[in-house]
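Okay, structure first, notes after.
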């Protein structure tokens, strides 16, 4: 039993024993010896090498074994205890005499259970640790036969407390004494004459290992030590005597013992033998029926096996007694988790309720603030309108008076009334009428640009959202996209207006973008345009080059009544490196096209003059921002008001400052131009040089480069935020170069055609989210070096021009995304290449210039394809003024504000006189004819590469001049009507790709 009280690691008596997760019990100091809290929370058991984890501390992680503590307490307490139980046996001679003497001298002291204290002496008597001993009393010669129980056993303990009236350490006599006799097995194993035998210690936990013929005491007393429970083997209950505790133990009945000794499988026959190999009890029937099973097995008597295994049984009892403690700990943990979860649930409910209540209060405050702001803006706008009405009334009266007076003077003058005074008055009134005309134009333009548009439903209160300092700002729509609709005009062609940008200063000096709506079409009764004419012309150019699918941004929504386009196009030839058109993405207003849109607009100017009086009934739609192009169609952009059109989320209403960059991709590296600092800086290196690839910008921050002559199956991705290139593991299924790619504004990129024979007709779709390819229907004709556009309203793709077949014919094909079907629409009147092709995003595809495929000569005409009627219209009025040809070149002329007079039309696009006259008249063009001395020559470009709009007030043109060694980049301001040259001192060349990014 002593080995159970020793630590298996230090082999000493347990000191604060604790149980590890592997069920081994160690001293606390041994556990601390193998625990290194500074390095690891894992403890390695020195007995079995299994790991245990210390969560917080050793005391909280490993339970203390209380039963061992109790055993140690009773072993080392300061009461008189004996360490062992000695059983003296009668000698073979004189045993009867000794017994008689004992009975005569100490009738009450024979065969008693006593508590041995090894540190004291009782009346001079000496107690030995041998099984057979003879104790001599100094006062009496009698021999006492005693049974002493080792206090290490927690069950069978007899007590003789000091406070019961006996002398120093005297034994307490228990009534109803019963003589103790040993079983035959133990009696035979003892020696009557020798004391050199090892002590026989009784081991018992629940019951003493004594055969039924051994008498046990009916009662035994123990000291109540700090209310610690002690198991006592007794048939009776000990009552409180002089402060002693009464302890009751369960009594196993004889019937239960008899039931356990019978076999349940064979009619309750008694077990007769134990099979050590099978580790089970057997009756005679079990042994007879299963002879083969127990053949060659070792069989043993039940009594001998029980004697052999009593130690294991005791160990198993102790081990099993620990199981409830572990289960109780687990149960307590679960109960604690339930309690903690209830607290967390309560706190979470409270937090949710508080947050939602706070949100409701904030929404109510926001609602009241918006309503107050709307009322305030309404009153301000109403006062402004009243002031304008008074100004208009005054101007009308002045005009009427001057007109009537002038008419009278003209009548006198026509009646041949010749007078110097009359002539002077006539000229004076003529000057007054011109001044009044200019004043009327200025007033009308001011009303259209700054007043009227605010009262259209789409533009009610566009500046509701303000910063904390009260400065007006814009609402950013990061991912919202709109489709561009088309509304045909029944009266033919006309002129359209364009949004104007005005930079105003807020109260604190910070600039705020205040925008204007699209101008209404010019009618016969409207005054001739003045300073706004050039803006209108540029607006037409922008609108006719608008992207096929333009997502909204902060600048798009608040700064433009119509879609601001951005052009990115490369003209190409079979022997030149090209980049096919790229389409607009979310944060960058990007679009296919070239400066041919300007020439197209100018070439159509004379026709516009002839039809300028046919659109007097066209006006902006009250429910949308509308612009009227030169062909007489109204382009409607459905824009929702930020308050009434949709419920803004936190993401939608984020206020951000936007910056613009130009990304150029040369053969060597990425060149980045900051539009604020006006400085070029080098980016990352190009991973692999290639030509004839197509590039496109997605809705996030990635520019895809598909194919190319050197990399026909590769996809390279450039991250504009991280300035890194990545080689996409996904390959293009077919070889692609000299092809086109279009983006639907959502998630799909379409690759069309190419120079390779196997892929010249193929159409494949790339999903930028799943990175998977899908093969779609093929075109009717193979194409390369062509142009393609996506029509968002019809959900179709138009492809036209390029190298189609040997007979030098060119056609227009349309692909329906819903039907997955190609159809040939018509043929192009004049097949060409190296031409400027643009799509206005709604109705017309325009082709200008280029080289005739039949004779390789320059083409001087411009054609326009109507996507609604599928018909071509040739616009060839004054082609010489439209295209100034030197070699195979197209000259870019400054677009100024021409006067609507018979001797000056929109077709005269050379920069005659208007710049000087406009600057001398505060932006109002003079009336000079062809320009004369006021003519200002401009730079000339050939092979226009890229044109795009920055979304505010600048149009960028990228190309080459035959007299220059490097490419040219110009920035044209639609506000000041001036060109500004951006120096290029980097690796860009003519065929580099330029992409505009706004964030």
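Cβ coordinates come from backbone N, Cα and C, glycine included.
What Swiss-Prot records for 355-402 is coiled coil.
Per Swiss-Prot, compositional bias 'Low complexity' is recorded for 92-143 (among others).
Taken from Swiss-Prot, the feature compositional bias 'Low complexity' applies to 485-516 (among others).
The feature compositional bias 'Low complexity' is assigned by Swiss-Prot to 526-536 (among others).
According to Swiss-Prot, the feature compositional bias 'Low complexity' maps to 613-635 (among others).
According to Swiss-Prot, the compositional bias 'Low complexity' annotation covers 904-924 (among others).
According to Swiss-Prot, the region 'Disordered' annotation covers 92-147 (among others).
Swiss-Prot lists 159-209 (among others) with the feature region 'Disordered'.
The annotation region 'Disordered' is assigned in Swiss-Prot to 485-637 (among others).
Summarising the annotation, Swiss-Prot assigns region 'Disordered' to 904-936 (among others).
Taken from Swiss-Prot, the feature repeat 'Kelch 3' covers 748-793.
Positions annotated as repeat 'Kelch 5' by Swiss-Prot: 844-892.
Residues 55, 58, 62-65, 68-69, 72, 319, 322 of the same chain sit 6 or more residues outside the zinc finger (7-49) yet have a Cβ under 8 Å from a Cβ within it. Taken from Swiss-Prot, the feature zinc finger applies to 7-49 (among others).
What Swiss-Prot records for 258-302 (among others) is zinc finger. Sequence-remote contacts of a segment are chain residues at least 6 beyond its ends whose Cβ falls under 8 Å from one of its Cβ atoms, and for the zinc finger (258-302) they are 308.
Secondary structure of the zinc finger (7-49) per DSSP, as helix, strand and coil residue counts: 7 helix, 8 strand, 28 coil.
Counting residue by residue with DSSP, the zinc finger (258-302) contains 10 helix, 15 strand, 20 coil.
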